[in-house]
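A short worksheet on the structure shown next.
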Amino acid sequence: MLPSIAKHAALHQVNPLKKHGQNFIFDSSLCDKIVRASNLAENSRVLEIGPGTGGLTRSILQKNPESLTVIETDARCLPLLNEIKEYYPNLNIIKQDALKINLTDLSYDIVNSVGFAYKKREVKPITNRRANDIGESKSIDYKVTIISNLPYHIGTELVIRWLKEARLITSMTLMLQKEVVERICAIPSTKAYGRLSVICQLIAKVEKCFDVAPTAFYPPPKVYSAIVKLIPLENPPSIALINKVEQITKLAFAGRRKMIKSSLKNLVPNIYEVLTQLKINDNYRAENLAPQDYLRIAEIL
């Protein structure tokens, strides 16, 4: 029988390190609550980034997924995770920096060498050259469900990367800084609304699940966290369009208080004609445009 999460960490002398952005969760009930929020289906193929001392890992495994692959960069955590694997052979452990992982390649590698069940081996892997559209290849046989407590300093970057590979993802249930979650879920004409809101909502259905107080962690961070769930849309915009939206929103929100006709005039010389054609008020500021408005502008460029 495995010891408690905290005792297991103590036995292996695994203390949180600032350089890894580590704040450990020792509360198994909180870990269970996160997994419940994911609505994890039995026999799912799950990916977790930064398992650390394995609290969330245990809760996922108790739901009997087909497999759980964890990506951990801290070598100190590996013996602890390997002990969990003795009880759950469907746990796959990869030592790697999450920022260096390409989800497309990882999915195929896991299928062929690490342990995901792969029932249609004649299907060729999707390479970056082929995967031009975020939602293409719906018949992909190795979609993953991502459940993770992400380090604050890389969380936003990972979310954007994963959304661009949404064809490989069933859903993402993530713990992030509360401020980031509020930005992801924000609606137009609110203070939190910005580039992150636009990109996330064009590719996925987003839902804030619940807040997590600093006292839930060891050591307690200085800010609140929150759980967010993102479910990729069935027919999201192409990567090419999303890249254009990123370019447009970068300019638009850089001058947040400027009217859109001013902030975009260098990128879109005929901005007045474009706004008129799309029936968008030319006195609107960046925060007043809905995600679909930015997409419509991108489609015209």
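Cβ coordinates come from backbone N, Cα and C, glycine included.
What Swiss-Prot annotates here:
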BINDING   N23, I25, G50, E72, D97, N149  S-adenosyl-L-methionine binding site
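Known features from Swiss-Prot, placed on the structure.
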{"residue": "N23", "record": "S-adenosyl-L-methionine binding site", "Cβ contacts under 8 Å, 6 or more apart": "P16, F217, Y218, P219, P220, P221"}
{"residue": "I25", "record": "S-adenosyl-L-methionine binding site", "Cβ contacts under 8 Å, 6 or more apart": "I5, C31, T53, G55, L56, N149, A216, F217, Y218"}
{"residue": "E72", "record": "S-adenosyl-L-methionine binding site", "Cβ contacts under 8 Å, 6 or more apart": "G50, P51, G52, L78, L81, I93, I94, K95, Q96"}
{"residue": "D97", "record": "S-adenosyl-L-methionine binding site", "Cβ contacts under 8 Å, 6 or more apart": "T73"}
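Ranking the binding-site residues G50, N149 by other CB atoms within 10 A of the CB puts G50 at the bottom. Secondary structure at I25 (S-adenosyl-L-methionine binding site), as computed by DSSP, is strand.
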